[in-house]
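One structure is given here, and the rest of the page talks about it.
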Amino acid sequence: MQPRLGGPALLLLPPLLLLLLLGAGGGDCGARAEVLFRCPPCTPESLAACKPPPGAAAGPAGDARVPCELVREPGCGCCSVCARLEGERCGVYTPRCGQGLRCYPNPGSELPLRALVHGEGTCEKHGDAEYSASPEQVADNGEEHSEGGLVENHVDGNVNLMGGGGGAGRKPLKSGMKELAVFREKVTEQHRQMGKGGKHHLGLEEPKKLRPPPARTPCQQELDQVLERISTMRLPDERGPLEHLYSLHIPNCDKHGLYNLKQCKMSLNGQRGECWCVNPNTGKLIQGAPTIRGDPECHLFYNEQQGARGVHTQRMQ
């Protein structure tokens, strides 16, 4: 399950870490904020265990011919995957966007963070989206463009909290302590707006009859709890790493609010996170399905489980 709100808030969260998760930028290594989220180096053993990414074909001389741009897998994994192209869907748990692209929530999204967690963002060129803002704007005006774009995705071990590649003339990023404080404030504001059931959109207009908000699914409720927990975390020392965030399990919900069959922990220390299979309605483990660092092929076990239930129902009748 792998880490972006736009601006400091979104980028602190993946693998919410998100938001660690979605982007790895070249960034200025001297910026203190980046030190908090630097991925560990990949060991030779970890790299040797990587399989060729889907779409890579072997050439006549045994050389790999890769018809796609390769990027590092989400989180702190060490293997390569094909990057998402311009216009393709993207989010916290999807492969990164290609070079020069960023994953943006849709401009009309009321909850950009949730949209990105659900993989409902779009890979767009930096500056094309309405949410885009320069790193300086985001850093100096935490209240402006708070739901901005995500950092550029390069095959790099550094996670740039403020977006984009590094370069001379960029202002130093603010401390991790300040960034987490801004993140906490933004998440709290999102929950407050959710609780209003849409009233904040009425502005000065005459009161309208509002529909009651739809009931939250178990997956959405679990995600809300995780976000609430992050929003109330104690601020770390500004130089202290935020490893405690990695221990959180961020549920992988689909666009309908159901659990995705495959749930995974975030990649860490050069190792892929473990993945397991759950029932899409309840989030409970599917018995017999393995927990592995790879694809447990959950659809096979889910179909088998559903088939067994169907046979049992027929016998009961």
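The backbone N, Cα and C atoms fix where each Cβ goes, and this holds for glycine too.
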As recorded in Swiss-Prot, which of CYS79, CYS82, CYS90 forms the disulphide with CYS50: CYS79
Recorded disulfide counterpart of CYS68 (Swiss-Prot; options CYS42, CYS82, CYS90): CYS82
Subset of disulfide-bonded residues (CYS68, CYS76, CYS123) lying within 10 A of CYS103 (disulfide bond), CA to CA, in sequence order: CYS123
Pairwise CA distance, CYS219 (disulfide bond) versus CYS97 (disulfide bond), rounded so that it is a whole Å: 26
Cβ packing number for CYS219 (disulfide bond), 10 Å threshold: 24
Local Cβ density at CYS298 (disulfide bond) - other Cβ atoms counted within 10 Å: 20
Among CYS50, CYS90, CYS97, CYS275, which are recorded as disulfide-bonded residues, the nearest neighbour of CYS78 (disulfide bond) by Cα: CYS50
Pairwise Cα distance for CYS90 (disulfide bond)/CYS275 (disulfide bond) [Å, integer]: 20
Integer mean pLDDT for the domain 'IGFBP N-terminal' (35-126): 77
